[in-house]
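**Q** Reproduced below are the annotations present in TrEMBL:
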type	residues	note
REGION	1-27	region 'Disordered'
TRANSMEM	55-75	transmembrane segment
REGION	114-141	region 'Disordered'
COMPBIAS	123-135	compositional bias 'Gly residues'
REGION	287-308	region 'Disordered'
TRANSMEM	313-338	transmembrane segment
DOMAIN	331-429	domain 'ABC3 transporter permease C-terminal'
TRANSMEM	366-392	transmembrane segment
TRANSMEM	404-424	transmembrane segment
TRANSMEM	450-470	transmembrane segment
TRANSMEM	482-509	transmembrane segment
TRANSMEM	530-549	transmembrane segment
TRANSMEM	769-793	transmembrane segment
TRANSMEM	814-837	transmembrane segment
TRANSMEM	875-897	transmembrane segment
Amino acid sequence: MSAGEGGRPTDSAGDRPAGAGKGERPLAAGRSPLAALLAALRISRRDAWRARGRSALIIVMVALPVMFFSGAATWTATEDVDSREALPWNLGAADAKVLGPVLSDPVRQSADGAVWFDEDGKGAGGDSGVTGGGREPSREEVASFFAPGSRAVPVRGGWSGYRDSRGYREAEVREIDLRDPITTGMYRLVSGRLPRSAGEVAAAPGLDVGVGTRLTLDGVGAPVTVVGVVEPQSGPRHVQIVAMPGTVPDGARQHGHTEWLVDTPAPVSWPQVRELNRKGVLVASRAVIDDPPPPGGMEDPAPGDRQDPRTAAVAALGVAMVVLEVALLAGPAFAVGIRRRRRELALLAAQGAAARHLRWIVLADGLTLGSAASVLGSLLGVGIMAVIAPFFHRGPFDLPLGQVALVALLGVVSSLLAALVPAVQAARTDSVAVLAGRAGRVRDRRGRPVAGLVLLLAGCAVAGGSARFADVRDPSPDRLGLLAGAVLGQLGLVLLAPWLVRAAAGLAVRLPLPFRLAARDAARNRGRTAPAVAAVLVATAAFTALGVITSSELARNREQYLPSYVHGTTAVFSMSSDVRTWAEIKRVAAAALPGVPLVEAGRLAEPGGHSVDVVPTTFECAEYCVRSGGTLGELPVGGVDLLRHLLRRADPAAEAALAEGKAVVFDPAAVRGGTLAFRDFYAGKEKTRTLPAVVVSGRTPVPVTGVLPVGSAAALGLEVRYDHLLADPAVFRASQEDTDRLRAAVEAVSSSAGARTENGFNHDETVTLLVFAAIAGVLALGGTFAATGLAAAEARPDRATLAAVGASAGVQRLVVAGQAAFIAGLGVAAGIAAGLVPGVADALAASARAASGWRIEIGPGGHRPDVSGVVDVPWAALGLMLVGLPLVAALVAALFTRTRLVLTRRMT
C-alpha cells in the first residue's frame, strides 16, 4: 500500500483506490447498471466513514430541517383530536348530547355537531355549541326527543369570578353532578372526593388550589369549599370549577350555556339526528361519531366550501424553497468531498469507469448521507414530540406515518440535489490532468447566466405583480405569488453565481496583493466558489426578506397605534362593576397611590342596564372598518378635572360650558350648528341623541372626541357609570413597579379591574431580528468555511511558492482571510439584494390589506391611520450583516490557517 494525494491509501499495483477493495472489479462500462450502482453505494459508504467530519456536517445540515418538519407534523397530528378520540370527555358515558337551546329554524349539522348551518346553508355556527338564540328546553322535553326511557342530565357552563386568599380571579364554572355514571370519562379525580351538595365544588389543577380551600363565587352568598381536585380530560390545564347543579345563579355566569347528556335505550342513528335538526335541535350522537354515515348519506354542512387549491400550492412552494435552501447549504460540503477525491475518481476513470459511473458515485454520497440524515432527523423529531406531547396535548399521541415519510423523502431529495452539481463536475474529471497533479479549469456555459437572468427577472416580476395587485381580503394569492417569485429569483441567482464570482473578481484589481490573489483564486475555481456563494446568498436572502417583513409589520402597527390615554397617564379601569365594587376599587387605588389626585371618568349607561358606547353620528365607518375610542370611549363623562387633564391646561370658557350642561368637543367635524349628535355604536340610527356643544382646540393630540357633562345623563334618560381613575402625568409619573402594585391591588377587588400606564407604542422586534440574523449567520458561515477550507488545501502549492519568495506568515493568513471574505461578502451582498424584492413586495401587499381591510380602525375624531405603502427596511441589521459576516469569516479563517508549509517539488 502507498499513500495517494492527501494521504488517501491506494494499492501500489496499478494505483487502484482502496475503496474498491481487493478482488473487486472496477466500474467498467460493460458491467450491469445494478452492479455498478451497488459498487457506487459501497464506495460512497466507505468514503463517508473515512471522512467522518464532512459526513457529520452534511448529516446535520439535512437532519435538522427533517427533524423540525417531522416534529411539526407529529405535533399537529397529536394536537388535532378528532371527534371519536374526544368522545370520553365530550359525552362521558352518554349515548348523545343535545348542544344548546332549541333553535327557531331547522338546521343542518356535521356528523359530530361541531359545525352547523341553517337549512339554506347560511348562518354558520361554531364548535362551542349554541350560546345564544332559541329557547331553553326542560329536562322532560329533552328526554322526549329520544326513545321512551331516555334520561337527560344537564351540563351548565359559563365564566364567573371567584375570590380566594390570593385575590379575585376568573374561571370556567361547570355545573354537573360528577357522581352520575353518565359523566364517566369526563374528569379524573386527582385528590379528595367529588362534590355532594351546593356548598361543595371540585377545582381543576389549573386553579392551583388544594382541598379545603374556601372560594367565594360571584352571585353565591356563602363561600364554597373545595372538596376535591379533578382533571378535565378535555384539557388538563383548563382553569375550571365543577359545582353541583343550581350552585351558581344564571345571571352570575358570563357566556352561559346549557347542554344535555342523554342516556338512551338504543343508539341514536343519523336519520334520528337529521329529524331532530328539522326541529332546530343539534345533537352529537356516539353511534354517528363512531360510525359516520358515508359521504353520500351526510349532507355537506357548508355548500360550496372546498379546500382552496392555492393553499396547497403555497405549501408546495414553501416546501420547494426549503428543499432548495437545504440543497444549497449542503452543496459546498459535497463539493469539498469531490475535490478531495479527485485522484480516486481519476483512477476509477482510468480503469474504465464511464462518466455516468462517476456521477453515480457522487450521487450515492447524497443518497447514503441523505438517507442516514432523514432517518436520524425523523427519529429525533418524532421522539422529541413523543416526550413533550403529554405535557401540552390532551389527545393520544398520533404518529402521521405518511407525512413523516414524505418529510424524510424530501430530506433525501435535498441531499441528492446538493450532490447534483458536484456529480456533474465529477463526470467531467480530466483523469490525465488530475493524475499529473494539474488543476483543471472551469468553463462557464454561456446559456447558464442568461437562464439565470431570465429566472431572476421573472421572479421579480411575479413578486412585484403580487404586491401591485394584492387582494385586500384574501392574502392567499399574494403569498402564492411571493413564494413563486422568491423561488424563481433564488434559482436565477444560483445560476448567476459563477458569473457573479467572475465579475466580482474583476473588481478586485486595486486591492492589496493578498486580496487580489484570493479573488483570482476564487474566480479560477468557480466550481467550488459558486456553490458556497449561493449558500451564503440563500441564507442572507431569507434573513433579509424576513427582516423586512417583520420590521414593516412593526412600523405598520406603530402607525396604527391609537393611545388610550394622555401619554404618561396611569389609569385604573373596570370593565364591569356595580356601585359598591367601584367604591372599593377607588378606595384601594387611593391607598396604593397615597397623595396622588385621581380624576374620575365614566360612561353613559341605560338605567340598571349596560353601558352605552356612544359615537358621534358625523363619523360613519366604512363596511370593513371598526371604531376605536380607546378604553375611555370616544365621549367619556366627567367634570372639570377630566377636561383639564385631557386639554393639558385650564380653559375657563370650556369649563363654563361644561358646567352649563354642554358637551366640550375637540374635533370641529363632530359639531354641526352648535349641536353634537351621537348614538350607541351597537344601536340603530333611530336612537340618536343630541346635546348642545362647544368646540375647543387642544394643544396636543387628545385620545377622545370630547367630554360629556355629568348632568346631561339625567336629561337624556340615562345614568353615569364610572369606570376610570386617571393619575395625571404632570402630577405623578408611575414606574413599572408602581403600576404592577396598583394592578395587583385592584385585581384583588374584581377580576374585571386593572391598571396600566400609557407609554405609547413600545413593542420591539430586536430579539426576533437577532434570532434571524444568528441563524442566517451560522448557515452562511458554514458554507463559507467549507469552501475556504477547500481553497486553502488546494492553494498550498501557491502559498508555498509565496513563502519561497519571501512572503511572511501574515501575508499567507491574509490570502486565506481574503478568500473567506470574498465568498461571504459576495454572498451577503447578493443575498440582501435578492431578499429585498420579496420582502418589500410582501410588505406592500400587507400594507394594502391593512389600508383597505376590515381590521383598520377609526380613532377619535374620525382619525384614520394611513398605512398604505408602509415599508421599513432594517438597514442597520442589514449593514451589520454586510460588514460583520465577511469580517467574522475573514478573522476566523485567518486565525485557523496553518502557515508552516512544506515546500513542494517542481512540476515538469
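Heads up, the Cβ atoms here are built off N, Cα and C, so glycines get one too.
Whatever TrEMBL says is automated annotation, not expert-curated.
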**Q** For the transmembrane segment (875-897) against the transmembrane segment (55-75), do we get 3 or more Cβ-Cβ pairs below 8 Å once near-sequence pairs (under 6 apart) are dropped?
**A** no
**Q** I'd like to know if the transmembrane segment (55-75) touches the transmembrane segment (482-509) in this structure, counting it as a touch only when three or more C-beta pairs sit under 8 Å and are separated by 6 or more positions.
**A** no
**Q** Are there residues at least 6 beyond the ends of the transmembrane segment (55-75) whose Cβ is under 8 Å from a Cβ of it, and what are they?
**A** 48-49, 322, 326, 329-330, 333-334, 369-370, 372-374, 376-378, 380-382, 384-386, 389, 398-400, 403-404, 407-408, 410-411, 414-415, 418, 782, 786
**Q** If you run through the domain 'ABC3 transporter permease C-terminal' (331-429) with DSSP, how many residues end up as helix, strand and coil?
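**A** Helix, strand and coil residues of the domain 'ABC3 transporter permease C-terminal' (331-429) number 84 helix, 0 strand, 15 coil.
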**Q** Have the transmembrane segment (530-549) and the transmembrane segment (814-837) got at least three CB pairs under 8 Å, pairs 6 or more apart in sequence?
**A** yes
**Q** Cβ under 8 Å, sequence separation of at least 6 from the ends of the transmembrane segment (450-470): give me the contacting residues as numbers and ranges.
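**A** Beyond its ends, the transmembrane segment (450-470) has Cβ neighbours at 477-478, 480-482, 484-497, 499, 837-838, 840-842, 844-845, 848-849.
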**Q** Below 8 angstroms Cβ to Cβ, which residues of this chain, lying six or more residues outside the transmembrane segment (814-837), approach it?
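**A** Distant Cβ neighbours of the transmembrane segment (814-837) are 459-460, 463-464, 485-486, 489-490, 493, 497, 500-501, 504-505, 508, 511-512, 514-515, 517-519, 521-522, 529, 532-545, 547-548, 780-781, 783-785, 787-788, 791-792, 795, 799, 802, 873, 878, 881-882, 885-894, 897.
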**Q** Grab the pLDDT values for the domain 'ABC3 transporter permease C-terminal' (331-429) and give me their mean, rounded.
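**A** On average, pLDDT over the domain 'ABC3 transporter permease C-terminal' (331-429) sits at 81.
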